[in-house]
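As written in TrEMBL, here are the features:
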- 44-65: transmembrane segment (TRANSMEM)
- 85-106: transmembrane segment (TRANSMEM)
- 113-133: transmembrane segment (TRANSMEM)
- 161-182: transmembrane segment (TRANSMEM)
- 203-226: transmembrane segment (TRANSMEM)
- 232-253: transmembrane segment (TRANSMEM)
- 389-411: transmembrane segment (TRANSMEM)
- 431-454: transmembrane segment (TRANSMEM)
- 475-498: transmembrane segment (TRANSMEM)
- 518-540: transmembrane segment (TRANSMEM)
- 561-580: transmembrane segment (TRANSMEM)
Amino acid sequence: ISFVSSPQSMGEIEKMEVEMQGEDSKWEGYADWRNKAAVKGRHGGMLAASFVLAVEVLENLAFLANASNLVTYLTEFMHFSLSRAASEVSAFMGTAFLLALLGGFFSDAFLSTFIVFIISAFIEFMGLILLTIQARRPSLMPPPCKSSPASPCEPVHGSKAALLFVGLYLAALGIGGIKGSLPSHGAEQFDESDPKGRKQRSTFFNYFVFCLSCGALVAVTFVVWLEDNVGWEWGFGVSTISIFLSILVFLSGSRFYKNRIPRGSPLTTILKVLVAASVMGCSSKSSSNAVENFSMTPSNHLVGEDQSEGAKRDSQSLTNSLRCLNRAVEGKTVHRLLECTVQQVEDVKIVLKMLPIFGCTIMLNCCLAQLSTFSVRQAASMNRKIGNLVVPAASLPVFPVVFMLILAPVYDHLIIPFARRVTKSEMGVSHLQRIGVGLVLSILAMAVAALVELKRKRVASEAGLLDSKQALPISFLWIALQYLFLGSADLFTLAGLLEFFFTEAPSSMRSLATSLSWASLAMGFYLNSAMVVIVNKMTGSGGRTPWLGEKLGINRYRLDLFYWLLCILSVVNFLHYLFWAMRYKYISTGARR
């Protein structure tokens, strides 16, 4: 018998080896923009993520250029009352952030994050065009206010109001899609199976917030100045150009991206597991032998599960947490549509465990809503001069933005390396610790806001200007204190939430899970609107004057009491957060302490 291979056999072996090497060099579960297999070394990495960071600067500039000053536009040009304008701004921003869930859902289920971003950016572009046209043409605006006190300003209504809200909510739909796809698209560019890749991904999230702040800096300075001194059509125009440029920059990085291939609706998986568990009946006892045997069957795992998740996710069996869901694996005995794999059950458990953390950040975002509502009007009533320069009230966010621009690189290059050396862990500072710091800062911010408002009201009373629109003899820099604390809270919490949801969520649900960070902002703005209504109703009962009544001037508001209420609720919320955070066990590689 001859053991010498023929030349033909050797050629076949070499060909097979080349093919195997080619398979190893591909990103499993990813494709390039042409829908071909993504290749390692050619697609993904920091270069691809850099395009996403540049896009975030332009995208957030377009968003915040109008959102930060929208209260002024609605009160002075659309003639809404202050309370209604504040509620409309909260509703607009809340809707925009809540729609991030829709963007995340489509990214995971049907389209890639690449496609969702392009569609969403185009929708926002169309909305901003409508707003620019309305601001440009006086015939599409409400009539100017009459000088007679007996003739109050007429708020926008009818077709003009319809044009305003169509433009605003088209922009909100686009913003939501972008928020739900862009962070995940950037984070997907890194190799999570490698410690270096995971560290680069953490750096990406820090610099994502940094770039978000860069866009905000231009928005609340240059664009707000344009709106207040040149015209709102210029402000909307700059936003329109900015979002158009973001599309061009995003497309210019197409050949470098690796795009995750959608695997079907994550909501279907969640619903199927919950229904199957309910049908089979939640049991407090140990899982049956049938369930245990089923969970250990290798064939029960999802076909094609992303191997970069690690063997711990691909070969896991049913866990004892949320044991009532374990019965879902027996769902196929009732109906084939209720058939659930062990992997699907465990994925749903992960999502359910993250929800309490999500819920505990809503109160913080309710506090953040003050930055674009009442705080703007407070600043507008104060002396906003610095030398000969008059600072627009809507430019106050420049203080937390500049602080975030300084703190983000310091945090990533100094604090995190030091924490890694001290804790001897890959993360240094855990996601939940970052979020906790943000919650504490929000408590301090509300306490400071209440004290500053007391001082502002005292100055107004002593100067006899409670019912005057004249600027108070107190510097607006006092308001900057609450902006500073809330901006710091936002930096710690937003970056921590984005990375927490992305790294902990199952790979098939990452965009949707990451969107929870923005949904928390949405719920915070909605909560703020609801609290204004509830507080006015409760404090105005029995013929009393409500704290935030529509007919009152800003100097007659009881904002100090409203801020103290937010402070107390934030303390209770932080204690609630500690309860869940101390019990949470990390799933992702590198996150364990």
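Just so it is clear, glycine is given a Cβ too, placed from its N, Cα and C backbone atoms.
What you see is a predicted model, and the numbers here were worked out from it, not measured in a lab.
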Six or more residues beyond either end and a Cβ under 8 Å away: which residues meet both conditions relative to the transmembrane segment (232-253)? 48, 50-52, 54-55, 58-59, 61-63, 65-66, 69, 73, 77, 117-118, 121-122, 124-125, 128-129, 131-132, 135-136, 174, 222-224, 226
Maximum Cβ pairs under 8 Å to the transmembrane segment (44-65) - stretch from the list 85-106, 113-133, 431-454, 561-580: 113-133
May I ask you to check whether the transmembrane segment (475-498) and the transmembrane segment (113-133) make contact, with contact taken as at least three Cβ pairs under 8 Å and only pairs 6 or more apart in sequence counted? no
Per the definition of 3+ C-beta pairs under 8 A with sequence separation of 6 or more, do the transmembrane segment (161-182) and the transmembrane segment (113-133) touch? yes
How about the transmembrane segment (431-454) with the transmembrane segment (113-133) - do they touch, taking at least 3 C-beta pairs under 8 Å (6 or more apart in sequence) as contact? no
Cβ-based contact of the transmembrane segment (85-106) with the transmembrane segment (561-580), 3 or more pairs under 8 Å: no
